[in-house]
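Just below is one structure, and these are the notes that go with it.
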Ligand code: 1PR
């Protein structure tokens, strides 16, 4: 196969291997990382004939750049043990290797180069040893990436990794659930059919003549992009099998067992459009006895209106999260609602909740509350980045920032300067903006005239108590306790610029009321930004979900009370576990074409068909 030259440097092909057992296309590599010209540490690597570890051992390449806990949990859940790569020889000695790339392309390549692992990886892959790259672990196999670059990759697969184009209305990052178009015999995807898998990424590799022999599936998000590649025993996927529920676990298991694939003909099917997500939210706090409980407020008041005035206790966080996962939630969010006043790293139970939950919940987990710089009672200072890192290490895939993002946005709008020091900027720089959600807690303020207010206001569908036709949405901090001089619109635009990857848009007025989402607010914000917006607060009936997806450009809808009160026992999954023939799919800015009734029907309580048939995905 010809290796395409790419703009930043020229590629000269050099023979690396002479083994006739190798696929011819693996005999030549660009002379960057895997060749002689950019020698790393000039070792002579060879793959051990008798690889180490038994059949139940998986070697994991975790170069320490982020959260690979979910991958670990999924591997263990499937009954395999993990051997961590400590040195390049561990790669060469692996029986099967999983490389869950996380973080930024350049940082990952730096680590791989510095540790001599890039060369070992190339050697291992060229020898057609069992390999599975995940997300960045797929991108790194290509020649280069435009992410903060161009930056050279391993150069095993022809092509340049580029950013999704958001100018055509597609929100970047691409976050959510898609079905794939199987392009060739993928082996590990043999059973996937029209089922959805979870993506979260801003960069992607595109199909071309030069890499077409590698491509096993593609997906579409504005452009056609490569969803997976396969050559022999070498696989890599852009999506996250470890976060794709039972379907993802099945893909992982096929790779780990590596016995049953390779015989089935791919099913002809187009890739799906991005599905709207439904997120189950658990507001968590310590009750008056100090136990961490799931609670739920009415307009943020979480205390019972009784003599004792106790915190409303709706159950145990780990149990409820597990239940919602089983019921088909596309994602689960924990909000540590008193995190603004307690120090979250002192709140070890919350970290434990994350650890236990992530052992059995294989869809994305978000955690929020208390992400800010903090000095504890002993004078030890913790940065917000350290707080977030602890959350990621404990199993979170995304963190959500509330109050601190408001302060950062105010500062940015006042000075016009991005200091790079806010929690939002720091965390998104290190973990990527797809890992940072900003949670907005606005309160509706009615006004008579647009001129009465300096913030963006909307004409409301239902006039205010004194006949006001307009309203603006005032941001609050500290769990709604303090109003700030900034509107939700101004905040959303500012945090997008500062590096937020997603917006969780609550509404204090609607919270817990069960009367539906605030459509005016959600339309205002989802039209204003090009990152995904999660509509939150007010869901009380299945129709409210269809309404918010039909009337606004929200990418996801989050609810709490409706699930806790068991009014909708099955989570209304549009993307994943409960995908109903892809019927809820919507693309970019276009609206749901599905009639309300059909969606509402699909969202119906306890509808057993919401789950895919267990076989062949049962364990
Ligand atoms: O400011 O960074 O410490 O973050 C605190 C986080 O805790 C924020 O995300 C904030 O939204 C949340 N929070 C603080 N106080 C409360 C409270 O309820 N007293 N909960 C609170 C926010 C709102 C939603 C809720 C939806 C759906 N809860 O998350 O789950 O409104 O509810 P519904 O479907 O029942 O209507 P920081």
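Every residue, even glycine, has its Cβ placed from backbone N, Cα and C.
Copied from TrEMBL, the annotated features are:
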DOMAIN    60-255  domain 'Glutamine amidotransferase'
ACT_SITE  135  active site, for GATase activity
BINDING   135  L-glutamine binding site
ACT_SITE  240  active site, for GATase activity
ACT_SITE  242  active site, for GATase activity
ACT_SITE  283  active site
BINDING   370, 506  substrate binding site
ACT_SITE  441  active site
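Counting every protein chain shown, the number of other Cβ atoms lying within 10 Å of the Cβ of residue 506 (substrate binding site) is 27. The recorded positions listed here (240, 242, 283, 370, 506) include 240 as those with a Cα within 10 A of the Cα of residue 135 (active site, for GATase activity). Note on the active-site residues 135, 242, 441: the fewest other CB atoms within 10 A surround the CB of 135. When the recorded positions 240, 242, 370 are compared by Cα distance to residue 283 (active site), the shortest distance belongs to 370.
The recorded positions near ligand 1, defined by a Cβ under 6 Å from one of its atoms, are 441, 506, chosen from 240, 441, 506. Between the C-alpha atoms of residue 242 (active site, for GATase activity) and residue 370 (substrate binding site), the distance comes to 27 Å.
Packing around residue 240 (active site, for GATase activity) is summarised by its Cβ count: 23 other Cβ atoms lie within 10 angstroms of its Cβ, all protein chains included. Here the C-alpha separation of residue 441 (active site) and residue 240 (active site, for GATase activity) works out to 30 Å. Across all of the domain 'Glutamine amidotransferase' (60-255), the predicted model scores a mean pLDDT of 92.
Calculated from their C-alpha atoms, the gap between residue 506 (substrate binding site) and residue 240 (active site, for GATase activity) amounts to 27 Å. DSSP assigns residue 370 (substrate binding site) to coil in the three-state reduction, placing it in neither a helix nor a strand. Within 10 Å of the C-beta atom of residue 370 (substrate binding site) sit 26 other C-beta atoms, taking all shown protein chains into account. A separation of roughly 28 Å, to the nearest angstrom, links the Cα atoms of residue 370 (substrate binding site) and residue 240 (active site, for GATase activity). The Cβ neighbour count for residue 283 (active site), using a 10 Å radius and every protein chain shown, is 28.
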